[in-house]
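Enquirer: Got these off TrEMBL a minute ago, pasting:
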- 5-241: domain 'ABC transporter' (DOMAIN)
- 272-318: region 'Disordered' (REGION)
- 285-294: compositional bias 'Basic and acidic residues' (COMPBIAS)
Amino acid sequence: MGVEVRVEGLTKSFGRTPVWSDVTLTLPAGEISVLLGPSGTGKSVFLKTLVGLLRPDRGSIWIEGRDLPALPERELYEVRKLFGVLFQDGALFGSMDIYDNVAFPLREHTRMTEAQIRVIVGEKLEMVGLTGAERKLPGEISGGMRKRAGLARALVLDPQIVLFDEPDSGLDPVRTAYLNQLIVDLNQQLDATFLIVTHDINTARTVPDNIGLIYHGHLAMFGPREMLLSSTEPVVRQFLNAQRVGPIGMSEEKDADELAAEAASGRRLAALPPIPVQLRPSDGGPRRAEREPGRWCAAHGVNPPPGSFEPPAYEDRA
């Protein structure tokens, strides 16, 4: 079963350079959450802090009644076994074939026999569609296949929390769509808690149950998918529309003069795009955290953007 992750007042800096401060959110057990944000806002640092690879300056990360930053190293090592991580580049060992890469955590952290390892590795490779690629080296397969191999390795110890660090990085839109479908299917099968860090708008709009946005050193918003996708906050509208008009600048937040010049020019933030339906599992069954489209908006008196919750054009509407 997936577990809840509760973050309270988390703050991190490197020397005198702040990364983010007072981040508070809850990742619901068994659900898919996405963390958005412009490049350089510390999203990957947040993942590394969650798993205990980096220590926060202050704040708490509560998992099963334990505060990770307060744990001694030995106990933290045990809690890390709850996590599986898909790194941006897959982080595969170039000299090992795919089979040995996926088997590596089992050989390092368990006392399983090679026969037992063979069964588990085969199951995970089948899960991600890599049966038959066991003896290929990472350099002999495509970027999308390397991502899937990295995902198989992240799942091999049956983690209850899976972290995805920009899984779409380096992939074309078609491979990203396949990977997104795989993530939704795996969440349905495994009932693990998923957190995806990305700045791919389509992924953020269709895959998660919950979305957060980190901006200018703070968590601007976190909650059910429809909350962010219907938000009128300027930074949210700018990011979702992928436009230059708005408070986000090329390298940092725009200053008052830039915003005033923008307003004087007559340029305005575009309206929010329609909220799409969520990506469903391949078997047509319900998502693990199934919610009726538009329910959050209706419950909170929010009018979703026109055209929201329409099925994609290729779907059979009969």
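Using the three backbone atoms N, Cα and C, a Cβ is placed for every residue, glycine included.
Neighbours and distances for these, please.
Expert: Long-range neighbours of the compositional bias 'Basic and acidic residues' (285-294) within the same chain, counting only residues 6 or more positions beyond its ends whose Cβ lies under 8 Å from a Cβ of the stretch, are 28, 30-32, 184, 187-188, 191, 209, 224, 226, 275, 277-278, 304, 308-309.
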Enquirer: Across the region 'Disordered' (272-318), what are the DSSP residue counts per state (helix, strand, coil)?
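Expert: Helix/strand/coil tally for the region 'Disordered' (272-318): 5 helix, 0 strand, 42 coil.
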